[in-house]
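Undergrad: Let me begin by handing over the structure; questions about it come next.
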């Protein structure tokens, strides 16, 4: 996919490790694909001289490698055996406001507390209005800050009770890492929208949005944080002690609803999320795509001896394309996986760039065709999803210039038709290609400029995911089906609070 | 004076002028001596397209000329016909925290509001504790933010009522400029600790800490904001309308207590504050100094034909030194005003520099003696005040190297003995030279290395000020007399909130 | 390949186009893989008001996208219908010296002249010494500057004659773009070490190191600049006129010696160099690798139903790996192309980073394994080359952690054994793995940690290249064979001139 | 003076001192008034490990305090027992070209050499043309670089011989500090245009443009470098050895011609130059001004009891104004020295600012009147010189707003009528007020807006200087008299080389 929803956030936390900040840095780097706008790490340590807990923070706009460009800061500044980190691509909160860079950190009457959030609260607007009426002032335009106000306004006795009190008042999608003076708290909302895994390194527990953050620090994967679980890792307890678990009740009538788009596009193929290898699921999507649309039903031209070729849009659809090829070969249909598009990795993702006047120049800057591979062939492009369709169209026109016999476009997920209220920032529904062309696939194919356009069906998508991930609970497919598992009050109106 | 209390803040505001931000910039530049750490301007305008009020801000660390280094920002960014500005040298609030740069600006349920503050709240600690217990989170470590929380938490109906409600809850020293969507509000605390004047330019009202900010923009001085006055300048009312005045009651048993140190050292000699020209008052201080310590009683050596010379520590004591010379001449005592010290203006004031390991190198970097002037003469140094005395000592030793016949030190104010709780940041009382040497003037003279040290008496100080400024109310002389007009709860403990 | 020689330079030039600088920018971006340290563009235009030619330059350290981060500069600053551009990774010249950023630009008695260079002069030391003895002072530590001194010191009449005079005095590898007031000059050394192609866009001629720079601006490929060709594109002549060609004689006894490493690793697979598609050649390298080492001779373990898998080190060996798989399949050997390694593209190439204390952490930061793909399989890694071998070793150890049945390493080129004196910056020959282990393949395999290590033979390499590129001349294989086509005087001793 | 010629350069050098760079830093800071555009220090030390001399440099645009903002650099970077430093305000050489920041430093066949220059070569154009014809390329647009080319092209045997050889070929004004690997060389041109003094600190020799640079480091003044002297301080010789002196012959028919403008305005009043205290000379200028224009002949209005007041334009004319007052008092004329103008020191000097669209706003930003002092008085403004007169005019209009009885303007030097070819950058002669009004004083007074304008006569100027400085040689008064002591070939045309 090349014109995809905005990525949102990666979170990481670690307790009781002498290199807490440094490991967080590597973890955030591995999660860079989940948010390239800003990065931050907060640690906690007890200052013997000042006789109080200190919670240093380093946060800035930019990639992890740029924000943390001086290794000294891990020794001198970000001291402590516990740390949390956050990569952001904002879904709410004005992008350019530095006050929106997470983790947030405050001091209140119970001590320090810091928070990093992946997701989107469904009742943010109500909560914000309630607080505004009370006269509460906000530092940021982010819904994450609401959680801190809920905690600091809680009348409960202990910090843990205050945190639970606060979490019971929020709805929607939230995987959280929180740091108090001496505790690391990892939370996954009762519906389990966003992933969050528990790992272990050198005997210390860590948590991360995806397990690729464990691999980079040689941590082992222990298990997922369960939907509704609040896991408390206490520093005082020492590294041998087991974390303590609390549980939040789901909203009445709602079920586990893990984001299926994580498998389709967001997560890295080398990660395990929702208990399964992303690579394996994505390969299965290719397999089901082949079952629904075997290549012999796709191609229409006879190109003689030269087999039809399957090319991916690198790198996100590589695995699905390979899965498609291998299943076709298994089914006895001749085809070859080829590298027909080269991606220039010196650009950030398309959506990152501001301005973006010329989407065409953008695509051309990012991709080039390998002409010899394409010329005279039946070309099947496999992509993971189509959102607006405008960049797909230009990509196809580039491929056409290399003179293929025909071009077909296969998508390893159904058409995107609805907005996401749980942490993804798709464009306005009116801009989605499926909506612009009344969900008429032929019209959409014409728009994109291909000989045919085919999608994986919604049931095929769910079956493909379930086949490879039997044990796991339910999925949210709202962006493909408009079935929203948790009612939403349409978030924070951005403009209203932008100026704070 | 060369080792003086930290300067604190300059404020400026203007309503209903097409160049509101630009004039604020010039005003702040003229007030630069009141705070060199950071500068900021906030404006307000109604965005016809978005159909709401916008309150842009530009704030940063640095001098006014550096913070506003691109003239385009006055057109493109800081739009609007109303503006407030602020120069800061922090008295409370950790210096390096960017969240402490004023003016503060928030959005709450009644609209936007911004504030710039010169002074120090006496009951900040109580207010902060009260809010903390309620769960309120703070953006900054500044006591100024408390005023915003008081306003936003007020249950009153209108913004003006809320502002008055908030002001009634605070004590201590505060001259304020506030900006709401459509109103500029100027406030001076009931004791009138800090100056604040009203001016007019092109028919528009403006306010500033000192009138030198009016001169630079060709505004005329109208009058002072009165102690306890809350002056509201409404944009909607148009530029012809008169501002509306509200009045705060002083604390029971307290009286007008204008900071006498503003006349002694802080304000610019070309300004008018508390209704009088600073130059005139400072000249009078020199005159009273001559009355108390005529030069013939000071000098002890016979230098033949060469008259004794009076030199100032440039530039702050120039006027008092001239006043001292002229009064002596009037009294018939021979002496000459001379330029014996050259100041290198490419340094900021001593206290600005961080680290400050070597006060001696600092003095040497900033001053040099004019040797030919000093050699063989009886030298009388006139300075406006002495705080720690360490830099005075080094300055004297530099002068000694130029071989004067003798060196006497005259101070145009009494010894500083007590801390200021109303906006000045003197060093710890134990560090004050008067306290270090048990207020024994001879010991202090020895420490500084002069043949004699003489101060203006406290009564002489007040008489000198009153003589030139008959009409005005009472003065706060607490730093010289330890008579504190308003009880203080010792402010915010800095460390406690630093980490927020 | 992951621990490869330093990339060096990409060059671009365009004559008689209204968007000369902007197209150069896109061209340089497409050539970013050839040098990530610095980037620069120089243009030329006649200023009607000043009545003389102006040659503006914009050059800085960083990637093309960062150096040219303000689109306004293409209109306001880099005016003119002719431009040259340069990406650098320094081979000679201290990296951090801003004076070494190309294109160089000088004004001398014949007018302005600018130059961008890809390559390395073989007689730089002699030339430099000669000039030094004459008292010539150098701006940079780059050998490129010598060409400018040769031109400016030339006694010839016209600039073209001076350029030819200078070129006749230099030896070694040089593809050049030069800009005089009104002429663009493209040069390829008589041996043709480095690539340089001629293209055409909107009727205007352009030149570039690789044709991927043409694709991004929709230019068509015309032909290669020939070895020894000096092509002059005159602005005055207008865009319709044909460029004029001059020819340099090769050194006595030397032959065309195009860098075969460009095909092996350097150039982009979507480029055409030396008259052939890189992708096609690289695929052929995989094919010849399969011929020499068919997979059934490589694998030793029986993994039952699961086929052996071939994985590439992304992205540089993707094509060779695919070629290897397809040829094996053609030969009837079962195997599958799989994505077993994921590359994190948020890092620059390994060698870019300064310090580089921990090569291991570096590899781990850049690559991760897809565990499900590797587990239990016979894994064949295909890489394009091995230099030091240290990162290969670590990569293999990462793969081992994913529990493959066995791991074999195939390289689509012969062992690197000798330094390059023509523009590549391999590590010291003693550090090359082949030399460290006496060219004993089994020892090298042990060092890397694989069950077997196999290389393409030198003859296989040349055959593979020739098969796909019949028409082209000879190749330089010196790094693999130590047969150096042009004698070298060991360049500039870096230290000697570093301090200039 | 407020619209004065551009300041040019301050130079400093020290040999055989452990803190060579640090003392240079302080020295340059004291010389900051001589050039605020850029600053640089070069040191030299023998690196035992590399077995060769290293010459580190740190140079940048900005004030000394900003360029050297990290004290670590004096220990880690700028190592060595010898150093030279330079402050620049460019007279030739495009201001914004970083290659023009001095000291220049090159490596040539005899070793390293660095140079800092105060002055302007009279035959720069011929030398540059000669070199250009030979094909020499230039790094900068500065005439200083020519000296380096002359040295490196010299056929003499030793470095000292080469330096002397080079110096014999240049004409005009040059005070130089040069550093070779082991020698510090100080040079003053045969006419002695620019000052250069020799000092001693901790037994080590140092040189500086003005002695204020000695005071700041507690160095004692030894003597001036003589006109035509080349003083060589050898590191090898040890700190006890005496420097060796060489002498250059003056141009035939020329005489010592020390810049009288240094006394009038440029040098600091606390400095000694050309063998005399600047303060003393400047006071004498005030005295002669009183002799030529006693105050009773100046004032025309009767202001009753209030004496006429004399105000200076701070700070440069303070001393002359005091001298004028004291002489008048001696002559029995009543008048008072007063502070009527306040200068805001948070601005750089007027000429520093780029753009300078509104000279009026500039003046207003820099000066304010002390109204109470001026009102109703006869005001005599004493300034050191007038160049364009535009800012004087605005200053007078500011003073008029404070309602004086009358305003007279006295200048302690003659009208500036000619350009300086020896290091000062006066505006174009056509812009000088004296030339714009045909040297008609009354017209000039009208333009400036004063009741009368009076200048010190040229003979008065020379007499005043000679009276206080009997021993010294002749002076250059060309800017006042158009008598140019050394013929000039009108320097380097700036535009011609700007683009290099």
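Heads up, the Cβ atoms here are built off N, Cα and C, so glycines get one too.
Below are the features I grabbed from TrEMBL:
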DOMAIN    B:9-236  domain 'Glutamine amidotransferase type-2'
ACT_SITE  B:9  active site, nucleophile
BINDING   B:259, B:420, B:476, B:479  [4Fe-4S] cluster binding site
BINDING   B:316, B:383, B:384  Mg(2+) binding site
Undergrad: How far is it from residue B:9 (active site, nucleophile) to residue B:479 ([4Fe-4S] cluster binding site), counting Cα to Cα, in Å?
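TA: Approximately 18 Å lies between the Cα of residue B:9 (active site, nucleophile) and that of residue B:479 ([4Fe-4S] cluster binding site).
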Undergrad: Near residue B:259 ([4Fe-4S] cluster binding site), which residues of its own chain have a C-beta under 8 A away, given they sit six or more steps off in sequence?
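TA: For residue B:259 ([4Fe-4S] cluster binding site), the qualifying residues are B:173, B:193, B:194, B:195, B:266, B:422, B:423, B:424, B:475, B:476.
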Undergrad: Determine, to the nearest whole angstrom, how far the Cα atom of residue B:383 (Mg(2+) binding site) is from the Cα atom of residue B:420 ([4Fe-4S] cluster binding site).
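TA: Here the two Cα atoms lie 20 Å apart.
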Undergrad: Using the recorded [4Fe-4S] cluster site (B:259, B:420, B:476, B:479) as reference, state which further residues of the same chain have their Cβ within 8 Å of the centre of those residues' Cβ atoms, listed in sequence order.
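TA: After dropping the recorded site residues, what remains is B:193, B:260, B:261, B:422, B:423, B:424, B:477, B:478.
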Undergrad: What count of other C-beta atoms do you get within 10 angstroms of the C-beta of residue B:479 ([4Fe-4S] cluster binding site), across all chains shown?
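TA: Neighbour count, Cβ to Cβ under the 10 Å cut-off: 28.
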Undergrad: Please report the distance from the Cα of residue B:384 (Mg(2+) binding site) to the Cα of residue B:420 ([4Fe-4S] cluster binding site), rounded to the nearest angstrom.
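TA: Computed Cα spacing between residue B:384 (Mg(2+) binding site) and residue B:420 ([4Fe-4S] cluster binding site) is 17 Å.
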Undergrad: Counting across all protein chains shown, how many other Cβ atoms sit within 10 Å of the Cβ of residue B:476 ([4Fe-4S] cluster binding site)?
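TA: There are 26 of them.
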Undergrad: As a test of reading the model: what is the averaged pLDDT for the domain 'Glutamine amidotransferase type-2' (B:9-236)?
TA: 92
Undergrad: Please report the distance from the Cα of residue B:479 ([4Fe-4S] cluster binding site) to the Cα of residue B:316 (Mg(2+) binding site), rounded to the nearest angstrom.
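TA: If we compare the Cα positions of residue B:479 ([4Fe-4S] cluster binding site) and residue B:316 (Mg(2+) binding site), the gap is 19 Å.
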Undergrad: Please report the number of other Cβ atoms within 10 Å of the Cβ of residue B:420 ([4Fe-4S] cluster binding site).
TA: 23
Undergrad: Please work out the number of neighbouring Cβ atoms within 10 Å of the Cβ of residue B:383 (Mg(2+) binding site), leaving out its own Cβ.
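TA: Its Cβ has 23 other Cβ atoms within 10 Å.
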Undergrad: Once the DSSP letters are reduced so that anything not helix or strand counts as coil, what is residue B:383 (Mg(2+) binding site)?
TA: strand
Undergrad: Would you kindly give the Cα-Cα distance separating residue B:420 ([4Fe-4S] cluster binding site) and residue B:316 (Mg(2+) binding site), rounded to the nearest Å?
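TA: About 20 Å separate the Cα atoms of these two residues.
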Undergrad: Looking at the binding-site residues B:316, B:384, which sits with the largest number of other Cβ atoms within 10 Å of its Cβ?
TA: B:384
Undergrad: Look up residue B:479 ([4Fe-4S] cluster binding site) in the DSSP assignment and reduce it to helix, strand or coil.
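TA: Its secondary structure by DSSP: helix.
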